[in-house]
Structures are given as C-alpha cells and as structure tokens.
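Asks: Dumping the structure here so I can ask a few things about it.
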Amino acid sequence: MNSKIIEAFFIVALFTTSCLAQAPAPSPTTTVTPPPVATPPPAATPAPTTTPPPAVSPAPTSSPPSSAPSPSSDAPTASPPAPEGPGVSPGELAPTPSDASAPPPNAALTNKAFVVGSLVAAIIYAVVLA
C-alpha cells in the first residue's frame, strides 16, 4: 500500500509539472514613462565686442556704406517649436491616465485553477490506485 501512495504521488507530480509548464505566464507589468521633453538650447551669449581705435583720417564719403549685418540682429534665438497643426502628435499615441488606472490581469486565478485541478487529479489517482 505504501508503494502505491508513492507511485500516485510521482504520477501526480508529473501531471502537475506538465500542467504548470503549460500555464500561461503572468503578463509583464508595463510602466508608463512620460514622453521626453525637449529642452530648449541655451540662449546664445553675444560675443564681447572691442571698440575700434579712433580713425586718424576720416573715411572717404564716396564709398557706399557696408551692408554687413550686425551680429546682434542675426544671433539665433531659442524659441519653442511651432505647433504642427491637426496632425497626430506623439502625445496622442501615449497611453492615457484612464488606461493606466486599469488593474493588470490577475494570473493568480489561472495558477490556482491548475493547483486545484492537480489536487482533484491526485485524489482520483489515489482512489483508483488504492
């Protein structure tokens, strides 16, 4: 009788191992990461200008004035990007807080079902082999 119980235990152990190996794995939990925020580039600092020494002789007035732009007017300024319009933005593809508040699927019930099924099978094997 003792060997039959051990034999039933091994059969049930093999059955349980088979059932648990085929059990669906719990779904991985996803963490919601905020979308990356683009930081504006630092503002360009104007280059220090040196004052030219005073001219000894006046410049001729017949030459046209130089049309070189001043460095302060062409200095790039940091500005936020313009809105793209009614197109789909990356923010719309991200999950909303209502999606994040949904509870994750419970895989414990699935594993409990396999454990209960294994116990029922163990009882049946014990009754049949006894």
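The backbone N, Cα and C atoms fix where each Cβ goes, glycine too.
Keep in mind the model is a prediction, meaning the values are calculated, not measured.
Quick paste from Swiss-Prot:
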COMPBIAS  33-68  compositional bias 'Pro residues'
CARBOHYD  Pro24  O-linked glycosylation site
CARBOHYD  Pro26  O-linked glycosylation site
CARBOHYD  Pro28  O-linked glycosylation site
CARBOHYD  Pro35  O-linked glycosylation site
CARBOHYD  Pro36  O-linked glycosylation site
LIPID     Asn106  GPI-anchor amidated asparagine
MOD_RES   Gln22  pyrrolidone carboxylic acid
REGION    22-108  region 'Disordered'
Asks: If you count Cβ atoms within 10 Å of the Cβ of Pro35 (O-linked glycosylation site), leaving out that atom itself, what do you get?
Replies: 10
Asks: In which DSSP state, out of helix, strand and coil, do we find Pro35 (O-linked glycosylation site)?
Replies: coil
Asks: Tell me the coarse DSSP state (helix, strand, coil) of the residue listed as 'pyrrolidone carboxylic acid'.
Replies: helix
Asks: In whole Å, how far does the CA atom of Gln22 (pyrrolidone carboxylic acid) lie from that of Pro35 (O-linked glycosylation site)?
Replies: 37
